[in-house]
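Now, the feature entries from TrEMBL:
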type	residues	note
BINDING	Cys43, Cys46, Cys80, Cys83	Zn(2+) binding site
COMPBIAS	200-209	compositional bias 'Basic and acidic residues'
COMPBIAS	236-248	compositional bias 'Basic and acidic residues'
COMPBIAS	318-327	compositional bias 'Polar residues'
REGION	179-339	region 'Disordered'
Amino acid sequence: MSERKVLNKYYPPDFDPSKIPKLKLPKDRQYVVRLMAPFNMRCKTCGEYIYKGKKFNARKETVQNESYLGLPIFRFYIKCTRCLAEITFKTDPENTDYTMEHGATRNFQAEKLLEEEEKRVQKEREDEELNNPMKVLENRTKDSKLEMEVLENLQELKDLNQRQAHVDFEAMLRQHRLSEEERQRQEQEEDERETAALVEESRKRRLLEDSDSEEDTSPTQPQPALRPNPTAILDETPKAKRKAESWERSVGTLGSRPQLSGLVVKKTGLDTSIRRGRAPPLPDEETEAQKGGATCPEPYSWGVMKNGQVAGPAPQMPGTSSLSQLGVYSDSEDSSGSN
């Protein structure tokens, strides 16, 4: 089996290359090549800008009856990227450049046009001097006169600068040295000022931290223990108020409930007890009450006067007294209030 990539080919002994027929291709045959735009151009149809370096699949052909020093000139056909209009340009071996032919205008070629104009003027002058010797003399005279004028103007400018500008290099160096020293001194003063500010700030911060630490470490003064006020119990009267209210609700005032008001007797004198319809207490009982200092009501009360006479004592329930009845009423109200 033979190799896939064969470098040496077999030629038979009777091989004659002159007998190989040649293809007759046209001279203006076109080839498809891949190229980049050689310069910036703008399409004349749609105004689209085509920048230098943009790639195209172009058709290349050789220009007939046109060459430069035996070098062929090639023409390229491309299409606009927007409107697909055809644009053509060809090579320019004389100027080592490309020239635009059809379909677009070249941008940024003002310098090139200026150079071309200068070359054209120079070429016309050379052609004119070649056929007219007097023109050569005139041109030389004009050139020498122009050169002398330029030299005179340059000398005047030099003299003017020397008169107006007397440069003292020593003074310049001295001024530069002084300015450099002043700048260094200002920088040093600014550094010292910043250093002093930083030191002052750190000192204040340290003092503040020390004061805070002293406040934290200082022992706190013990608060004196609050002594109970002996008379504070007198101010706590909610229970007494509740008892008084229960007393009024159960017994009432002296004139509200006559069946219970007779149980309470206020000793304010003989006349007062008589006006209230009660008999004065017996001498023995009054003496005993005064001796004992008791202000509570007596265990019995006298009835109301009828027809100018004092009625006898009110009958009492056997085994009970008025004081025990009052205690029952007060206890019942306390229990109801606590509930």
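Glycine too: its Cβ is placed from the backbone N, Cα and C atoms.
The Cβ neighbour count for Cys43 (Zn(2+) binding site), using a 10 Å radius over every protein chain in view, is 20.
Helix, strand and coil content of the compositional bias 'Basic and acidic residues' (200-209), in residues and according to DSSP, is 10 helix, 0 strand, 0 coil. If you draw a 10 Å sphere around the CB of Cys83 (Zn(2+) binding site), it holds 12 other CB atoms from the protein chains shown. Taking every protein chain shown into account, Cys46, Cys80 are the binding-site residues, and of these the Cβ with the most other Cβ atoms within 10 Å belongs to Cys80. Sitting within 8 Å of the Cβ centre of Cys43, Cys46, Cys80, Cys83, and not among those site residues for Zn(2+), are the Cβ atoms of Lys44, Thr45, Gly47, Glu48, Thr81, Arg82, Leu84, Ala85.
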